[in-house]
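S.K.: Let me begin by handing over the structure; questions about it come next.
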Amino acid sequence: WFCMEQNNHKSYFWRAAASIAWSVLLLPPATAVFVIFSKFSLFHPIQSTSECLSLLTSASAIFSQILLCGVVLIIGFLDFECYTVIPTVACSKIALLGQLLHPRQLANSLVHCIMGMIVAWCCAVIIGFRYESLGYPCAQTDSPPQICLNEYQLILLLAGAFVGFSHSVLGVMHNMNYVSFPTVQQYKYLRFKGSLPLVIKCSAIQALYSVRNYIVVYFFLGYIPRVWICKTLSLQMNSSAHTLDSFSGLLDLSLLYHLWLSATFFLFMQYMTLTLFRIFVTEVYSFPVQSSFTEEAFQCLPRVLTDSQTMILKFLALQDLALLSQHSPVRRCEVFSLSQPGGHPHNWNAISKECLSLLTDLTQRLVAYHDTVATNGRAKSLSSGSEKRTSSESSGSSGSEGFTSPKPTFPLKTPASVFARSFAGGPLTPPTAPFTPDLDSPFASPTLRRLTAPVEQGSPWYGSVQSPHVMRRAPKLWSTSTDSQANGSLPPSPASVPNLKQEPSKPSFVTQFLQNRKEQVRKLKPFSSRLPEASSQALFADSQAHIWALEGLSYLVQASFSEDQFGVVQTTLPSILSCMLGLQEAVDRHFKLPHASSKPARLSSSMSDSTYKTLRFALRATLKTAIYRITTTFGEHLKAVQMSAEHRKRLQQFLEYKE
């Protein structure tokens, strides 16, 4: 297994290395375009062209190119280390905040800030003029020569750091490290050619927004880094020059243009490297179905599907399975073949077992999620109702028996407003405080004496509502002391009357501390509450693998009708149909939940891949198509397949084209 992972990982590593190499090769043309946009003048075209050519061959430009190549290598390494084929969907705002504050993400943001400053310094060197150096000699004749701070280069360097930090944060929020597989297979050149306009557009638009935000931040907080740099490097401020953290300084159109151009160049490097990485990594890889040599068996498709622990390799294997099941009759025959010697369908057993395992796992997740959502809606009311029912039943019987009796499973019909008066009085308020009956009256029943007897402090019913019916009937059952005396009865003794003026005990420090923490958590509830649509997206985040498994199984079952000479597929056909029908039922139940059928808006001007947000719709369509593919091929023969009555009823709907 280790040799298999190492060998397959080597081929994947070379794909990533090839994408980084192409990014480095495309860097000089991108730098030349940046030089043209920063130096070219329409009024002096010949002179500006000669300046651009001389600048590209200068020592400073070559050194800047070396630094930029190092930045591209770091970007490619980060893409290789942080990529994922299963996106991480934050189901709440507090979860997203946790991702942003993760130590690994903080280190990633710091690296992006450093790369942004390096790129900004290279851009300052290439542009030249007032951006060339951080310090310059102050124009003072009556004092010794001093070095003043060049705020133009400082604002450019800080802009690079700000753009890098913004890009890192947006990468987490929009899952920029998510790598999706294209639906339509194309050559790498055609994919990059089609993606290049989007890369340029997204770089320019995001740079515009980043520069806008940076100007606002620098206007209010620009003096902090300026003073710190002056104290650290022993630089002076030129009193005759205007500071840039003012309206007159930030309204310099040339400065704004160079800030935007530098940010666009840095983001173009980021997006170009990311696009090439996605193109090379998701290229189709053809695994051999079987091999004549034992040493090469670990490279075959069944072994990669069942033994691979790397998700990118498993996704590539499932993609290859879906493609061979549709377009390769020769490789399909290898799937249906028997082993020699022995005559066992090892290839088909391994492939079908792994695909059915994936589909069964998704079905179980959907059922568990649906049960959780359905239970959370009334778990609180059932629990409180059960407690009230148990206490009510225990009031009419012995206290010890009622405390240990099980809770009923059906909800009570007693409205909650009945208990509002008792709960408002605090935990020590008697449940029938306004209506205290005369227990010694001849008209008082034994049941009433037992219900209104004072509760001991150690009793489990102390401070709780013992029965809602006592509060309802209390006004009809009370008798005043005057009536008792008129009837010849003695007034009640003080010991028999419950004490209504018990002073509440002061809560302990631990209890008060826990209550304060509970209130703080309650204030954060809008941030920690789960987002229904995000929860549904997270549930189907890896559904691309299930889509390929459904396509591969359905096409292989369809082809087995005429190509399976040994009938190896017929042995697992009941399991395949039952698994697909069970998944179809679970998917239908999920789409009946709120927010599950709402489609998110597409982001046309963004490099973030949002295809994972619509995977549940693609899975539902693929699942229905897969079942119809099997039913239209086998037709009435499926009635002889062993399955449950519920699945047979659902299968009949497909046979009659009613689904």
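Don't overthink the numbers, they just go from 1 along the chain as shown.
Each residue, glycine too, has its Cβ placed from N, Cα and C.
Take a look at what TrEMBL says about it:
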- 20-40: transmembrane segment (TRANSMEM)
- 52-78: transmembrane segment (TRANSMEM)
- 109-131: transmembrane segment (TRANSMEM)
- 151-170: transmembrane segment (TRANSMEM)
- 215-234: transmembrane segment (TRANSMEM)
- 255-281: transmembrane segment (TRANSMEM)
- 378-410: region 'Disordered' (REGION)
- 392-405: compositional bias 'Low complexity' (COMPBIAS)
- 422-445: region 'Disordered' (REGION)
- 477-507: region 'Disordered' (REGION)
- 478-490: compositional bias 'Polar residues' (COMPBIAS)
S.K.: Quickly jot the same-chain residues contacting the transmembrane segment (151-170) by Cβ under 8 Å, restricted to those at least six beyond its ends, or write none.
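M.R.: For the transmembrane segment (151-170), the far contacts come to 100, 105, 108-109, 112-121, 123-124, 130-134, 176, 206-207, 210-211, 213-214, 217-218, 222, 225-226, 229, 241, 243-244, 255, 258-259, 262-263, 266-267, 270, 608.
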S.K.: Please indicate, using numbers and ranges, the residues of the same chain that are 6 or more beyond the transmembrane segment (109-131) and have a C-beta under 8 Å from a C-beta there.
M.R.: 31, 34-35, 38-39, 55, 60-61, 63-64, 67-68, 70-71, 74-75, 78, 150, 152-153, 156-165, 167-169, 258, 261-262, 265-266, 269
S.K.: Compare 52-78, 215-234, 255-281 by their Cβ pairs under 8 Å to the transmembrane segment (20-40) and return the stretch that comes out on top.
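M.R.: Stretch with the highest Cβ contact count: 52-78.
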